[in-house]
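As structure tokens, the structure follows; a few thoughts come after it.
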Amino acid sequence: MEDFVRQCFNPMIVELAEKAMKEYGEDPKIETNKFAAICTHLEVCFMYSDFHFIDERSESIIVESGDPNALLKHRFEIIEGRDRTMAWTVVNSICNTTGVEKPKFLPDLYDYKEDRFIEIGVTRREVHTYYLEKANKIKSEKTHIHIFSFTGEEMATKADYTLDEESRARIKTRLFTIRQEMASRGLWDSFRQSERGEETIEEKFEITGTMRRLADQSLPPNFSSLENFRAYVDGFEPNGCIEGKLSQMSKEVNARIEPFLKTTPRPLRLPDGPPCSQRSKFLLMDALKLSIEDPSHEGEGIPLYDAIRCMKTFFGWKEPNIVKPHEKGINPNYLLAWKQVLAELQDIENEEKIPKTKNMKKTSQLKWALGENMAPEKVDFEDCKDVSDLRQYDSDEPESRSLASWIQSEFNKACELTDSSWIELDEIGEDVAPIEHIASMRRNYFTAEVSHCRATEYIMKGVYINTALLNASCAAMDDFQLIPMISKCRTKEGRRKTNLYGFIIKGRSHLRNDTDVVNFVSMEFSLTDPRLEPHKWEKYCVLEIGDMLLRTAVGQVSRPIFLYVRTNGTSKIKMKWGMEMRRCLLQSLQQIESMIEAESSVKEKDMTKEFFENKSETWPIGESPKGVEEGSIGKVCRTLLAKSVFNNLYASAQLEGFSAESRKLLLITQALRDNLEPGTFDLGGLYEAIEECLINDPWVLLNASWFNSFLAHVLK
């Protein structure tokens, strides 16, 4: 058969057929009948188009050999025979210029006279059978179907045969000749029987061997075979009564579907108890910075040098005293730790050459604060498995805490603009493709909206602290290293600025596993008097360490400076996530981008510029007891960023659980709002799953209270 095909058909057609088969991973040497069928189909498409032109008056004419200079346009565009990408490009371009509906499958030809796509079929079976299969497959009124058989029969949509009698007769004669040539070589019977119907992918997909055995093993209960399960799934009416479906599925399931109405949901129950306390790894809105502008001192960029320079900008140090003790801690130790930091910084300055890092003396106060020698001694299991009363520590249930107003204030502050820029516009190479141009434009607009945002300051501060702490934990495992908490920014005028927030002292850090803990003591400057919201500072011992002159509208006022000291801990995995906080920028940019995409698809053009530059338009930001809060696009960017940053700063198991479970209730409620008549079963169980995550975490409690505002708003 292969030899016959190569002799019988034009070499160009043979080459196109080989290419088409290779594209689908088929071998012309093996699947010879298919090879012949593809060549035949290609030849019919070319003959269909041959000699048919449209003249200057848009009339259809037949020219077999004439003036090559006549202004003639081919009547048919040949799509069959091109590679897929090119073929779709041609189809798209035809649809765009003529307004014809885009077909779901690649057709064979386009008729410029009748303005329609044509599907050509060549069959070795009954033309009616083949016609119906084609029509069922393409399911389009718009594509014209024309079927030829090797016996001289034909069939076309609405009996409209498109071409004149003579052109069609040429095609039929050629097909008859091919059939006779095959028959004379004894190839026809095999060729005729090899034709299969138009298949859809699912019908062709046969599972055999191991996969078949796995499929049979993994069926739901009560199904004997894959066929039996398939038949059941095919007959499953999606909009029927759900209870019936559930009972069909399994004998054990007896869920009653309850309609979810406006009166169904209740607000989430937030826990009672003392107000929740601050648990972030560093101070947020309460932080105070000692800064130097245009740093140009020797060793600029070395953290310890920068820190000493920043400390020198302040002259109001005084004898420290405790103003808010830590309930459970040995407070004098915190006081001694700060005094030790001051003394050791003074020692560094008295040295000839300032070292690049500073390891603190292992004093009793630091050993206590860093939990040195506090870990219970580890004993090999072999040595103690015979102890009769061996048991795990009883661990106390976490104490419930109520929502406090400070966390909403923290969030509001994170959304605000500062007077410094915390990120530079990345230098990325020239845009090459149009999509890159749009991407750069979006990135630049977004960066402009968030570069001065306080949440961005928290990102850079978090990245710096976590990077420094992880470095020190690996490089100086046994040392109590002093790590300055530093950030860098640019002022409105574009001048560089280095800021010092305070110090961290790291404990022993032999971190083998991702979750092994390194303890640290943080000491951070602040102007916030802890006595105003003592519950927020439950975990801190707060000292008063100096007075600062502040310029105000009424002149200079002196305000006390506080030092917030606490023992804390982190792990390699937490530091890794802290170092990657810049991802929050990407996450919020993607959320904004999906808003732009939605807007663009409605308007059918890229709306990036309008989106950011139309200052009059307001967008929904969130729900509050007052209703839907709206704001400018910049405010939306900053709010989304702040949410992403707080998810990182306050990451916890409670947040994971709350986010996953409350999302289900959120989707049901949105379905109710959109009048989709949702139904639920075991709603009580869902509430239980959500509320078991509401224990004492400030960020989770705030999100739960926002969720209640959203519920109230939807159910109005």
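These residue numbers are counts, starting from 1, taken along the chain as shown.
Cβ atoms here come from the backbone N, Cα and C positions, even for glycine.
Swiss-Prot lists motif 'Nuclear localization signal 1 (NLS1)' at one of the ranges 124-139, 508-523, 556-571, 668-683, namely 124-139.
What Swiss-Prot records for the Mn(2+) 1 site is H41, E119, I120, and among D50, D55, D108 the residue it adds there is D108. Sequence-ordered, the extra residues of this chain that approach the Mn(2+) 1 site, with Cβ no more than 8 Å from the Cβ center of H41, D108, E119, I120, are V44, C45, E80, P107, L109, I118, G121, V122, H146.
E80 (Mn(2+) 2 binding site) and E119 (Mn(2+) 1 binding site) are 10 Å apart (CA-CA, integer value). DSSP classifies E80 (Mn(2+) 2 binding site) as coil under the three-state reduction.
Predicted-model confidence for the motif 'Nuclear localization signal 2 (NLS2)' (184-247) is 72, expressed as mean pLDDT.
Assigned with DSSP, the residues of the motif 'Nuclear localization signal 1 (NLS1)' (124-139) fall into helix, strand and coil as follows: 12 helix, 0 strand, 4 coil. For E119 (Mn(2+) 1 binding site), the number of other Cβ atoms no farther than 10 Å from its own Cβ, over all displayed protein chains, is 22.
The secondary structure of H41 (Mn(2+) 1 binding site), as reduced to three states from DSSP, is helical.
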